[in-house]
Every structure is written in C-alpha cells, then in structure tokens.
C-alpha cells in the first residue's frame, strides 16, 4: 500500500480526507498516467459511482480533472464497480473510474481506477500517480480552446452491462422466488431489472437509496435482514450485495447464510463437472474455511491460497490462468466473464445452478461442512513480530497436535490496525473458542501493550 492508495484505490472520509481537491488531482494525474501519456490526444474515460450523497461532488471534481488533461469523459451514473470494469474493457476505453467505498459507511468514499484491460492498477501505476500527487505543480499538458472536450452522459451503459450478464446463463429463472437486497447501493435498481428480465419472481429489500442509507443494516454485511425476508415471503433463496456490487452473500430457503466459500464451492463443483474449471483449481484466501478445502479435496478439485484481499486472488488467477476464485466475504471472481469480483454475475450463475440442478440452495450448500470458527483480536506493541515469537509458536504447535487434523489455526498481523488476529477452526464451537482463547492469552501475555 502507498501513501494514498490502499488495497482498493484511494479511500477516506468524503470532504475531509477524500476532498474534491484530491479528486480533481486524481482525475488529472490518473488520466495522464493511464491514458494521455500513451499518445492519445483525447482518451475515452468512463466514470461511475454508487449512491452515496458525496458521490456527485467527487464525480464533478474528478471529471474536471480528467477533462483538464484532455480526456473525453463518459458519465455512467450509478452503476456497480464490476459494471465499470466490464464496460471499460468492452468499449475499449483508455480508463475506467469508480467512485465508491464499497461496504463502508456512508461518510466514507473512494476512487478506484481500471486500466483499458478492465483490471485494477498495478503497484507501479499507483506509484506513478502518487509521485505526481506529491509534486507541487507537475508540468502536465493543459489543452485550451477547441482542444477541451465535452463530457457526455452514457447511462445506457448499465443496460449494456445487464444484457451481457443475462447472456452468461442458458436458462431463465421462471419458477424461482428470490429476495434481492441491494444494500441501498449500486445494485438497487440493477438487481431487480436483471432477475426480473430472467423471469424470476422477485421481492426486494435495501433497494431504496436516499444517498444516506447505503449499507445501513442491509446488504452483504448484514444478511440477517435478508434471512428474515426469505422466511417471511417463503422464497427459494435470497441474494445480498454490498454497496458497490462486487460482493454477494446468499441465504437459503431456511434462512441460513451461504457465504462466499459455499458459493464458490457450488459454482466450482458445477464448472468441474462440466470440465470448465481451468486447472481444476479454485483460488481463495487464507481466511477460507477448512470445510471448504476438505469439500474440494473430496471432489478432486485443487485449491490455492493467497493473502487476504481480492486483488491478491486476481493476481494469482492471472498468473495461473485460473477462472474461479474469491473470498469468504463474497468477492467471487469468474474470470471467463469479468476481471473483478462481481456480485450480480455470481448471483445469476448461482441461480442457474439451482435451477438446472433442481435442488434447493440448502441441499447444494450442505455438501460443504463449515467448521466452527472463533476469531480474537489482540492489541500488541509490534504486530509483525508474532511469527518469530517462540512462545506463540509453541502454543500453536500444541493446539495443532491436539486437533489432530480436525481444525486449523491462522495467526496474522492486521493489515490496518496494531492487532494480531487469532483465528481457529475446530470440530465444535466450544473447541474453536477454547483453542483460540489459549493462543490469544499467550499473544497478549508475551506481546501485549504492556510488554
């Protein structure tokens, strides 16, 4: 991570950390690095946003910065992050930009870039933009007169994206009753249109954005509301998206949550059966449940683990030419169809498996037995020394021996806070909690703030 760019673009409290002034600079410098300096006089740039009240303010500043470098901007309006990624590649734009802070609260916002290939930026590209941000007044081109280009609205882009998503499945969803939770964000209108066009009987919650209620007790980070709605409406299943539509969490007909691991397993199993799973491999992160790996092993499907973060999943998928990967949190990447996590795409693929199999979502999900998980955060003086602490390693070895293959331990430094995260999966809830606490006690005793 750099000074401005985190693992998913530039984020901060809107109008405090992510100001219009910074948005203008990101537009100007990002447009120069990723488009103008490649020789295009008027590179095409697509700009989308989620439903946050600060989105229009930042959008105006960003577009001004892009136009100041000579870009031809097409404003997509409210659309999902994967929608921007898809359209950037499909329309051969030089650059795509999404204004969103994903699943974060309404006060936050963010700006993320996509290259002409639809992928997020490389570290080198982000560093080049950061170097310009740190200069007082970089000497960059300033078109004048007839060389300044109008921006245009291209709200039809969302429909183009939805038409593409419909084309990725071979069946309609007639006979399926589905509850959709748009997190009062980017998918609030997209999801009902998509599943309605595919002839599903839909109910909606979290699809009435007012600029302030994005992710508020709804969406993929609060699936309990969706579970209630599925039971109340006697629906076949429910799908919850996050604020910018790159995550999905499902709920089965019994109101039980079906997370990203289970969704990956269900879709991966179908792809494997149809000989469509590249390398017979699914890429996940170290946070995926032990039950996920055991279920894959039973099916004869291989797995590859990365660090936490969808960008690392995508990097590994590109390296090995794999076409399915994701995170327990619901970032699912189906590389045959899009370059980034796509909640709507994953949703139609999951619904397609349910429709074609004739099985309920609970039946499909039950093939993967989730191990109970316990997570404890310990505040420490130096989180990066946990791997070399002999006392921590000793207790981890002791616990692993006791679990005898029926559990998993993950002890790692937090990426954003002075914490060590202790995660244990075991055969029972009691075992997971007991083992996690025994490790956390040693971490706190040997590495805590008073040490």
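Cβ coordinates are placed from backbone N, Cα and C, and glycine is handled just like the others.
Mg(2+) binding, as stated in Swiss-Prot, involves 242, 244, 246; the candidate among 68, 102, 374, 414 given for that site is 102. Other residues of the same chain near the Mg(2+) site, with their Cβ within 8 Å of the Cβ centroid of 102, 242, 244, 246, are 50, 80, 81, 100, 103, 185, 186, 241, 243, 245, 247, 341, 343. Residue 102 (active site, phosphoserine intermediate) sits 5 Å from residue 244 (Mg(2+) binding site), counting Cα to Cα.
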